[in-house]
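Engineer: One structure, as structure tokens, below. Some questions next.
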């Protein structure tokens, strides 16, 4: 599709030997649909869409921001031409860095070599897929003209943008906080886009967790109280909770669950950056296994600091009407009756749960990504939002499935002192007791409401994330 549109749109505008000014003038004229001598973000977006250029989020915004010297939110012909001249210089430098044998063409082996240095292992077949999305003449190599034509209206200037099509974003909030943090480019860090994305993600997480709080409370309720002798179904559990405390009781513990998003996200992001610096390979690139290690350590650091809030969330969730007046009251009662150690009950299984969750989440996501690239990537390596959401949801769910027994052990240990007649058992003894009394599947009590909340949680968090980005000036719509 892109090759056909490019021949029409760029035709004479991008022919070899043509004057740069003429090329830029012709392209500007095609983009300036209302003929007012200015190209705004809307016109640029429509132009990119008409050309079939899927260059990721905020491409039009980045181009206008980079070229808009008078800050009027639009580009006139001089600003547009100056941006393209500067952009072509950067594209030439990138092209030369990829052209390892200096023959004026980029082939699949050179793409693989470049991505390998960025910590991405790519098969020959996948490299050919990427190459074919840029190759216009069917030679399975890319010369300077093809490279320039393809990326002229792409604000990215290096091959890392291809990888960022597949960046797995933690905006998919399914209620757990064990995923590896987001990866941000140096440009995003310098411009401040990173904190806006984190803020948008936090807003999305808050709304998503609030929307699915009744199912989350049901999960905790079944984890602690359900057994072979005391079977609790989802419907009977809800009836029980509503009868005891009314409709509002379904949201018990949600306040703490929402409040801990901001500090946990900030700590995790900061720790992730520090751990990456410590373990990064030569040249500063972070390989997949190093990202997993840094992400797991960052998750463990964040969980260690905010873990008392996790304990309070569980106690509030399981509390009866009038037992606690709020988070502070809950904290005071735990401290007075059980001491400081109570705030770290279940800490070990919680930390151990990070490894299977993050590891399987990352492995499944990479497998799904490679499957899509092999089977369905034809004109572009950009998978589109539905594929990304699907892959992210499946991989996160698999991670949850693997770490769920540890999550159940953690919750029961957190709740032991609040359940009448419950002995204070260690992680090992509690696991033995559950398996002995309820069998292996006793470790999966409450998993039904947990899975029921995945799709609504992902849907809510994505929609709110997009609206939040609009409010923070990050939207690509």
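For all residues, glycine too, the Cβ spot is worked out from N, Cα and C.
All annotation found in TrEMBL is predicted automatically rather than curated by experts.
Under the heading domain 'EF-hand', TrEMBL lists 19-54, 86-121, 122-157. Per TrEMBL, the feature repeat 'Solcar' maps to 192-278, 286-371, 383-471.
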Engineer: Can you give the mean pLDDT for the repeat 'Solcar' (192-278), rounded to a whole number?
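Structural biologist: Across the repeat 'Solcar' (192-278), the average pLDDT comes out at 89.
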Engineer: For the repeat 'Solcar' (383-471), DSSP counts of helix, strand and coil?
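Structural biologist: Helix, strand, coil within the repeat 'Solcar' (383-471): 75 helix, 0 strand, 14 coil.
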Engineer: In the domain 'EF-hand' (86-121), how many residues does DSSP put in helix, strand and coil?
Structural biologist: 23 helix, 2 strand, 11 coil
